Structures are given as C-alpha cells and as structure tokens.
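One structure is given below, encoded as structure tokens.
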C-alpha cells in the first residue's frame, strides 16, 4: 500500500510489457473450447421444433413429417388426452356417437381422427376405446398451431359457438364454463398476439421517425459531453445552491407551521403521549412534529455548509477533472464509438448462450409409456411403439396401448443436462464480463495515453484506442479473464440464491428465508465491490501492465489514501451524469410525445397514424437512455482513469525538472503546483 516511487523512464502506459496471469488465459481458452464442444453436442442432440411445433399422441410433430399444422386437443376422459394433427380446427359441436349414424357428419369427423381410423364397421365404443377418434368436437380457434375452445362473452354470458352447454360424447350435457379454466391462458395469449400485431403495425409506420429520435439523442449526448468542458462547474454550483435553497425553504415552512399551531387545542401533546397512530396525518397537527422536522433540516443544512467549507477545494478538483475528461474525449473521439464494439460482442455472447440453452433444453427424446383402462402389471412402464404389438404386454393386457408420454431420456448425456445448463450460464457470465473488461481496459489505456502525454496532444500516439486494444489482447487476456472469472462466480452464486428464494416462497421456514435474504444482500454488496475493484484494477493494468492481483492491490490502496477525493468525485460525476441523462431522455421524450400525438402544428400531417402512440414514444425514450448511457459510460471511464492518473502523478512527481507534473495547467493552478524549469503543458 506504499506510494509509487518516481521512475524517470515512465512516460505513460508502458509499451515494453509482458504477458500477465497466463494460467487464467489458458483456463479461459480451455473453457471456451469446452463451451464450443457443449454447443456442438447440444446442436447435435437438440431440436428447437419441440418448442415451436406441437406433437400428436405419438410424439410426431404437427406440420412436420407430412402431417398438417394444427393440433386439436379433443380429449377423452382418460389420460393421456388424445392429440391429433389436423389441417384446420373444428368449427362446430359434434360427438362421435351422433356422427356415426350420418355419412356426411362422419366424413367431416374423419378429419379429426388418427390415420389408423378406417371405419371398417367398428362399433363406436371400440373406436373410442382404441383412441382412434376423439369423443367430441368443440368449436375452436387456432393459436400457436394449437386449437383452443372459441370462448366468447355475450352480455356477460360465457359461450362457445353460441352455445352455453355441450355434449361430452358420453351422453352428458356440460356447461361451457368447465372449458373456461383450461382456455383462460390461451385467451390471454390470443389477446397478447393481437396486441403484438398492432404494436408491429405501429413500428412499420414509425420506424424511421424512431431512428430520427435516436439520432437526435445521440447528437444531444455528444453536445452535452462537449459542453461539460465549459459548464461542469456552473452545473455543480447551481445544484449545490438549489439544495441549500430547498432546505432553507423547508426550514422556513416548518417554522411557519410550528408558529401557526401555537395555541391550538391538542397541538402541544408530545409524541410520547400520543403513541403510535396508523393515520400519519395526526402527527401533522402537533407542534413537536414540525419542530423535529425543522431541527433535522437545520442539521442537514449545517452539514452541507460545513462540507462546502472544508471540501471546497476537492469539489473544484473534481470539476477540473471532469472538464479535463471532456478534453480527453475530444482528442480520442473514436472512444465514443467503441461501446458499439462492446455491444456487438455482448450480443454474440447472449445469442450463443440463448441458442445453446434452447438446444440443451430440447435434447430430450420421446418417451413412450404403457396406458390401459383395466388392471395391468406393465401400466406406466416405458415401451417401444414399433415392437409393442409383438411384445408380451399385449398378450397379458389386450387393451394396453403404447403412447407418447413426454420428452426425456435415461442416457448419461440426459442425466447431466442440468450440469451442462449450469456450465452454459457460468460461461455466459464469464464471457460477458470479459467483454466488458476488455472495453474498460481499452478505454483506460487510451485515456491514460492522453494524461501522461506531457505536451497534449502532440505526445499522444497516433491511434491510442487501437494501441490500447492491441496491448490488452496481446498481454493481458489472462488478467481480464481472472477479474471476470471472480465476478462471474459471484454472479452465478447470486443466480442460485435467487432460484432458491423462488423455490422457498411457499415454505413456512422463516429462519431459512431470513438467512437467504442475508446471503442475497451480502453477495449483492460483494458484487458491487468487485465491480468497483475490477474497474480500477483494469485502469492500473492499462497503465503499468502488472498482473490482476498487483493492479487491484495498488488501485485499492491508492484510492484508500485519497478516500475523500474519491467520494467527492464520485458524487459530483454521479450528479452530472444523472442530470445529463435526465436532460437528454426528458427532452427527446417530450419531443417524441408532442410529435407522435400530433400536437406540433408544423409537422401535424407528417406524423404517422398509430394504434398506440406510446409504442414509438417508449421506444425512443428507452433508446435515448441506452445511447446516453453508452456515451456517459465512456465519459465515466475517462474520469476514473484521469483521476487515478492524477493521484499517481501527485505521488510520483514533485514538479522539479527531474520529476515534472503531467497534469494540466488548470489542475496545477488549482493545487498551486508548478513545473520548475519546464514550460506549461
């Protein structure tokens, strides 16, 4: 934790450096190779059609292997429900018993029977027993390649096909409300699909206006960053004055309420005598309440004034660093586009993780089991439909059938699917954190090149961003893998805790819930700390080329030796970024609102006609926030890098001819530092 000693050869990010944390680099490469192998195995065994296409009672895909598209869940009152691939859903009520005696009805009914149904003079009871046809048909509507009862409400009465009752095929009349529960979720999905179609229509007519709004947000973000060079100080001091004025007004208001209640009956009752009241408005009629408010606000006002008196210089340093960061971004303009590269790599990670997860989850095979109505020792056992008719099961249990039950598997691969899914999640976190770390160390290297250039920008390398990116990949892949691995482990533990919390929601063990809540809180704090430590460690890696542990230790102790400066700079930058995001998102959002609601007369006829005007407005607002966040993340990394370089500069150098300061002239004037025998940078 000792300060850095002066190195006369140090001129910024070290170019003559070696590879760091090689073991972690090798481990990352091995893990990536294993991840690719898992993906190939998953893609070999998986079949996403199981998610998209429904299946019939034999496990065959509807719409595949020569079968029609829809699935009619016409169910017999015995497990499993008969499921048949059909070309279209039924549009009328009908039972097999009523259709059996009518040639036209039977021909229509044949569309909803299995391929084995030949109508060879079988008695209706035999056809239903062999599950060749459903017992009844219900008017249905197609949804996600499945047929659901066409439920509708007319004047508050639930109806299906204009009927309130139906024949269940067994000679009983049932109320259609019995179908309601089974189809409720389907109706929700149907309504969601209709909503999605309208939203899609809105996007088709407004997409170019949305893009224009996002471009405006991008330009506004860039202008705000440029203006910070000139307005950072004004914004901060205006904010401080506003806080003081608001607190002053609060004190005045509390005093007026306190004075107004003087002499009123019951206003002098103490809070202790009154006790706890569920109606909080009761407390507002007590003088003691307003006195307490006034004292609290006075203490806050006093604390803020004292902080301004004692931390004034540190606030000025924070403002100067923010202004310097604006200049640095101006000299490394390509840094503003670099988040697009990080975003693209993150999209690749997400796409690979999602596709692998889908293929792993659909790697199961069709499992067939024995189903029968009478007592049978083989009931529920797995079977092979191809050899079932020649097996002993049919001899001992003549009414038994080998039907598709579910997707599963009993091989070693299927048993370890959950392990492979866990590995998939872990690798996603590791690679995503690695991509973010690569972006941070690249930006840190570029901005450090700016700070340690004695004559800015003449002494900067020609392409600082690309130089920093090359150094990071060539020398420090292992260190980035180390930092991202530690963070990934903590994040996976948090995911496991969230899963356990979800499973224990219905549990009555309060101690277990309390312990789980404590663990979730602890690991949340740990994740925040590791992110903070990693960010500063990557800055030190970019500057000195040391390994991860050394960089993390040096960064941590450097910040601890300047903890007050760290706190002040952090809060000042947080405020400016919050103000910037609020200003950009708010302005663009208001502009989008007035445009898409056709309230701007100049472009009233240009605005598109929409089903839901909030669709493009919300898209513009969310997109504007992401754009502003991307710009400010670069700016925030620049501020943090310059701050660490500034602290290193103060500890390394003293302003002499041998050890000159590299900080800007404004910072030197603020700290009353000079470079003896050297011209100002």
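Count begins at 1; order follows the chain as displayed.
Even glycines carry a Cβ here, placed using N, Cα and C.
Because TrEMBL annotations are produced automatically, they should be read as predictions rather than curated entries.
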With TrEMBL as the source, which of 263-285, 332-354, 355-377 is set down as transmembrane segment?
332-354
Of 475-497, 498-520, 636-658, which span is tagged transmembrane segment by TrEMBL?
475-497
Give me the stretch from 21-43, 207-227, 332-354, 572-596, 612-632 with the greatest number of Cβ pairs under 8 Å to the transmembrane segment (475-497).
21-43
The transmembrane segment (234-252) versus listed stretches 21-43, 332-354, 427-454, 572-596, 612-632: most Cβ pairs under 8 Å:
572-596
Can at least 3 Cβ pairs under 8 A be found between the transmembrane segment (427-454) and the transmembrane segment (572-596), with each pair 6 or more apart in sequence?
no
State the residues, same chain only, that lie 6 or more residues beyond the ends of the transmembrane segment (21-43) and have a CB under 8 A from a CB inside it; answer 'none' if no residue qualifies.
352, 355-356, 359-360, 363, 413, 420, 423-424, 427, 430-431, 434, 476-479, 481-482, 485, 547-548
Going through 207-227, 537-560, 612-632 one by one, which has the most CB pairs that fall under 8 Å from the transmembrane segment (572-596)?
612-632
Same-chain residues near the transmembrane segment (207-227), Cβ under 8 Å, at least 6 residues beyond its ends:
326, 329-330, 336, 580, 583-585, 587-588, 591-592, 595-596, 607-608, 616, 619-620, 623-624, 627-628, 631-632, 635
